[in-house]
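Student: Got a structure for you, questions after.
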Amino acid sequence: MLGFQRRSLGTLRLLISLLLLAAWEAGSGQLHYSIPEEAKHGTFVGRIAQDLGLELEELVPRLFQVESKGRGDLLEVNLQNGILFVNSRIDREELCGRSAECSIHLEVIVDRPLQVFHVEVEVKDINDNPPTFSLREQSLLVSESKQPDSRFPLEGASDADIGENALLTYRLSQNEYFTLESPTNSKPTKRLSLILKKSLDREKSPKLNLLLTATDGGKPELTGTLQLLVSILDVNDNDPEFDQLEYKVRLMENTAKETLVIKLNATDRDEGINGEVAYFLMSIKPSGKFLFTLDENNGEVRVNGTLDYEENKFYEIEVQATDKGNPPMAGHCTVWVEIIDTNDNAPEITVTSLSLPVREDTRPTTVIALISVSDRDSGVNGQVTCSLTPDVPFKIVSTFKNYYSLVLDSDLDREKVSAYNLVVTARDGGSPSLWTTATVSVEVADVNDNAPAFPQSEYTIFVKENNLPGSHIFTVSARDADMQENALVSYSLVERRVGERALSSYVSVHAESGKVYALQPLDHEELELLQFQVSARDAGVPPLGSNVTLQVFVLDENDNTPALLPTPVGGTVNVNELVSRSVGAGHVVGKVRAVDADSGYNAWLSYELLPAAGGARSPFRVGLYTGEISTTRALDETDAPRQRLLVLVKDHGEPVLMATATVLVSLVESGQAPKAASPMFASSAGQAEALVDVNVYLIIAICAVSSLLVLTLLLYTALRCSAGPTESACGPGKPTLVCSSAVGSWSYSQQRRQRVCSGEDPPKTDLMAFSPSLPPGLDREDEKGRQEAGLNNPVHPRQPNPDWRYSASLRAGMHPEAGEVSPPVGAGVNSNSWTFKYGPGNPKQSGPGELPDKFIIPGSPAIISIRQEPTNSQIDKSDFITFGKKEETKKKKKKKKGNKTQEKKEKGNSTTDNSDQ
């Protein structure tokens, strides 16, 4: 395709061009094509082979080729069809820049014959480039003093395209100050400029943000933008202005120097040095030039002298504020200062006629001091009222104008508060009021109104018997809340009789320290509890005192050896017994009786048969805890006719104390009548027989009295439950009556608690036991087993706690078959509950109505062993036993007086009393 482009408008020029073109085509065969830039790969340009008059079949043989100078492979010819097409991207701006014409020149060469053809491909412009500004933002500085119609040149945008695509138009964002002047086709020399429409005001709009947009003439249109930042430069065109033209201030007289009166503030809407304000004091009326100062930087007006209401009531201050612009501009204001009268004189207090110190028994309404007040001010400022510290037992009473009395208002107690610091306050009626305080120290003098007081009303002390004379056993201490001599406490005993002796023969108390001393060794057997009172008395006038009760429990020690019955002569008991040679094993020959005045383990006795001289085996043995002497086998002719047995009786105390008894056994033939035993043994048997009758009546009497006591106790308990619980500290112990069924009965009369509480009279504890009968065979087999166990397995009981007798309950344990009987552990003074326990060897427990073989009475020197005989057998009167320390003492006295009876010989099948303690 042949294309022509004409650039001239003249006809002549057109003709000349046509002639030249025709001549060029005739001479060189040049072709013209045109394509738009940015055409895609493969875009059709023209049928170059056909236009050049070449056949398609000869393109290859004639070596058809296309050459382009410096254009690379932008265009390519398809040798199969002879079509010229776009081979790669064509950018007109890259090829020709801003040139009006842009073409690609191609040389087509063929051989056989050699021919050269010239082909020109014109690249047409498209609108593919938007207008661009050199900067994204442009800042303009414009003085607010610029006049309207002032111009401010701007740099325009550029477009890489040509022709219509490069024709630019501009527009400015909407605003009230600037318009846009842009070049036109009629006036291409006119620059792009901003024109000021009206005067600027920096104080109103210090900055403007404008947007300039450039649009080209292509289709479609492309645009570019420029941000215009217009800063308005300040001009000193504003005066400093105060918030108010006049200020009114009220100041109290005597206001301190440098006190701030007012802080003035003047503002200038200009900026920089045009807006910096300085303050100046123009005048102070009337003639108060040195009474006030003004800080020129911050506008603070301060007091510089003494303001006196009586001298001047008003001051007028003229102030000027000036900025630092050129020329400077100024503003003015007036400050009116009003002086207010103040209450500048405080009241004065005078205290006279003090009556100090004040006794704590002083009556209320008593005048303690006189107070007078005064104030140099006048009117309301001179009216004074007086007040006192609250919550004190004093008050102020007005007696006359500005005169007051300090009066006691309630009772004093030095032990609670020993001194008062009273603050008297005098306050005037000014506003604000002034006050003055004065301190009056009132000391409270002590009066002996408090008795010495002990921390406890009663103390319990435990002291071992046989203490050293004069040993310290306790210290009492009483405190008296008073002071000086009223608090000086002395101690003394409250004298009374203890039995037949005075209390002071037992103990003493140190008058100053309160230490209690035992003046003599205490004996548990004589006195278990010593109860007395110690008095504490102060040295006041009149003296006051109080008492405290001390209960001294005397703890038992093993200081009494076992005592043999009857009373030995020369330290050894000799007993003569006649025994038939025909008796069998287990026959009871006799019994060694002994008691111990101690208690607990110390009174628990055991019996031991010492071996005979020469190591000969004796046919006799002794019960470990019963003292019964019985045969170990049948006697024969080889046994000596006279046997001398040495029995060792010892307690379980620490250290162990012991006694010995000698028993002479004479062996006689079975046909011979036994002769009378020793007078001493007969006397003992006679005494036991005499006691049986007495004990029968005692048992009956005790059961009757106990029954009445139980009924009384039940009635008393019912009354107590209905009237509310009360408890007596030292009431009688609760009695216990135990009556078993037909197998036997026993009773316990307890008077120990009365003895403990009163501390008077020696204790009396009696128990009577009746032993019913059981078959003798069972009894002897059981006794034999026990004695063998006692000989083969001696047991040493453990030492109990010294104060086991004062525990809460009583427990008795025993192991009859194992040979060990445990004494009561934890028995209390008021305890009356007994427990019988069998050892592992015999787990049998006593059934209802049955009695154990052995049991222990707390605090008693005996262990009761009960043997039961058949109902049809004859009961030995010695089975009725009354025991106790007091009864044993009576027996000893009777035996010493020589009341002896004939001893009856015990039968082989008779039962003996089992007493174990």
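Note that Cβ sites are derived from N, Cα and C of the backbone, with glycine treated the same way.
Annotations in TrEMBL come from automatic prediction, not curation.
According to TrEMBL, the protein has these features:
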| type | residues | note |
| --- | --- | --- |
| COMPBIAS | 778-787 | compositional bias 'Basic and acidic residues' |
| COMPBIAS | 876-890 | compositional bias 'Basic and acidic residues' |
| DOMAIN | 28-133 | domain 'Cadherin' |
| DOMAIN | 134-242 | domain 'Cadherin' |
| DOMAIN | 243-349 | domain 'Cadherin' |
| DOMAIN | 350-454 | domain 'Cadherin' |
| DOMAIN | 455-564 | domain 'Cadherin' |
| DOMAIN | 579-681 | domain 'Cadherin' |
| REGION | 752-806 | region 'Disordered' |
| REGION | 836-917 | region 'Disordered' |
| SIGNAL | 1-29 | signal peptide |
| TRANSMEM | 696-719 | transmembrane segment |
Student: Using DSSP, tally how many residues of the domain 'Cadherin' (350-454) sit in helix, strand and coil.
Tutor: 4 helix, 53 strand, 48 coil
Student: Using DSSP, what's the helix, strand and coil tally for the domain 'Cadherin' (455-564)?
Tutor: 7 helix, 52 strand, 51 coil
Student: DSSP on the domain 'Cadherin' (28-133): how many residues come out helix, how many strand, how many coil?
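Tutor: With helix first, then strand, then coil, the domain 'Cadherin' (28-133) has 13 helix, 40 strand, 53 coil.
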Student: Counting CB pairs under 8 Å, which listed stretch among 134-242, 243-349, 579-681 touches the domain 'Cadherin' (455-564) the most?
Tutor: 579-681
Student: Kindly report the helix/strand/coil residue split of the domain 'Cadherin' (243-349) according to DSSP, in that order.
Tutor: 4 helix, 52 strand, 51 coil
Student: To what whole number does the mean pLDDT across the domain 'Cadherin' (455-564) round?
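Tutor: Mean pLDDT for the domain 'Cadherin' (455-564): 93.
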